[in-house]
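Reading through the structure tokens given below for one structure.
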Amino acid sequence: MSFLLISMCGGLGAVARFVLNTSIQRWWNRMFPLSTFIINVIATFCAGVAAAAYAHQVVPQSTYLLFVTGFLGGFSTFSTAINEMVSLARNRHFAMAAYYLVATIVVPIICVTLGWIVGSLGR
Amino acid sequence: MSDSVNNTSAEPQPSTQEISVAQVRAQSMPEPQGAAAAAKPPQIPLAPIKRVQARFNPLADGMLYLVVFLGGTLGTAMRYGLSFILPATAGAEGFWHAFHVPTFTANMAACFIFACLTSYLSQAVWIRKRVRELTSRGIGMGMCGGFSTLSALAIEELTTLQGSVVAGAVCYMLVSFLLGLIVAYVGARLGLALAADKTAKVAIAAVRQQQTGNWRHVTAGETVVVPTAQGNGSVASPASSPVSPSDMPGVPNAASITSDGTDSAPAATAPINPPSYEPAPITDEIPLVGDPTTGEAH
């Protein structure tokens, strides 16, 4: 039962990503894939907050699984980011691909740390 | 009688009557004119009613939501199921403890499937556009997106860094991204190769079908060459029953014009060519035939 609930939370996360992705792509017309980047930034920040809350035992494990493994797992995406890098490189935008790669490696770490700090504020 | 023979010989060869692909394309796609031909053509916003139609706005397409939800559910179930099957980390402690096997496996598999699928679908013109869109959204965006995750990767990084295994954390991150890039590149190449293979098969099947004579439709841009045996057999070909130009008053002889004023006697003595048969012209016009009972034009 919890397995099904977690999976459906993942489906909700995917729908949320679809809505946000389409909305951002409607006004963003540059080459940088901003929509996936913003989605991953939001997801990793929320994951940091959730991890801090779980570590300080504010929320039980079931809630943590539902939110992080389910919703945020479906919301954030690794495959789309990687494939955007590959397609940028295949279209000979090597500088942009490298820039996006570095941003996708570094920024999530910063975001998850910030989220952890925000989540630990009350302690 | 000699007029009809002259007419036939004066007609250009059938090969010159072929409508080339380039000609059709040039006529069907006209050059922009007026304001549209400017370097920066004016942007015309979509009509407000069209912004809520699924044809113009993916956010108004309910089917896409359903497909993405189902794909995301399936992908998350696969990723969560992997965490039961595979060991959580590659090692009990130390350097290998930083490598989280389920997340890594899910990410690599999702990268490969996503790259293969998107590159294949981008070339698959034989699949209907709607089916391609739904597959791309459902399996690509929904399933692969739900299967792969960056938030779990970031949390694993954070916990490893808090355990002060910096080398393991950095290695895990770099290996994830580099191997993901390689796997995605291989997947994209594989998808393109599969699509090229299928394209060749479809083209061969179409040519074979055309050679057996089972084809009925002629699409614009196709070069139509009617075999001469067919032209001979048909009685009602236009060359066999022409309107003689000399019968019409005021119209000079067509044969004398084409032979630059010389007499048409040499043409008459020339061997009688098989009647050249011109294929029906490909036009955009749809013949209108009125229905006498309802009055509708079909």
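Counting begins at 1 with the first residue displayed.
Positions of Cβ are set from backbone N, Cα and C atoms, glycine also.
TrEMBL: automatically predicted annotations, no manual curation.
Since this is a predicted model, take the numbers as computed values, not measurements.
Residues or ranges marked as Na(+) binding site in TrEMBL: B:Gly145, B:Ser148. According to its DSSP assignment, B:Ser148 (Na(+) binding site) is coil.
Annotated compositional bias 'Polar residues' per TrEMBL: B:1-20, in sequence order.
Taken from TrEMBL, the feature compositional bias 'Low complexity' applies to B:30-40 (among others). Non-local neighbours of the compositional bias 'Low complexity' (B:30-40) in the same chain are absent; no residue 6+ outside the stretch has a CB under 8 Å from one of its CB atoms.
Sequence annotations record features per position, and here TrEMBL assigns compositional bias 'Low complexity' to B:234-246 (among others).
Residues annotated as region 'Disordered' in TrEMBL: B:1-40 (among others).
Taken from TrEMBL, the feature region 'Disordered' covers B:229-298 (among others).
Among residues of the same chain six or more beyond the transmembrane segment (B:63-86), those with a C-beta under 8 A of the stretch's C-beta atoms are 54, 101-103, 105-106, 110, 133-134, 137-139, 141-149. The transmembrane segment annotation in TrEMBL covers B:63-86 (among others).
According to TrEMBL, the transmembrane segment annotation covers B:106-126 (among others). Taking Cβ pairs closer than 8 Å, the transmembrane segment (B:106-126) reaches residues 75, 78-79, 82, 132, 135-136, 139-140, 143-145, 147-149, 153, 176, 179-180, 183-192, 194-196, 198-199, 202 in its own chain, all 6 or more past its ends.
According to TrEMBL, the feature transmembrane segment maps to B:138-155 (among others).
Residues 94-100, 104, 107-108, 111-116, 118-119, 153, 156-157, 160-161 of the same chain lie 6+ residues outside the transmembrane segment (B:167-188) yet bring a C-beta within less than 8 angstroms of a C-beta in it. TrEMBL lists B:167-188 (among others) with the feature transmembrane segment.
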Lowest local Cβ density (other Cβ within 10 Å) among binding-site residues: B:Gly145, B:Ser148: B:Ser148
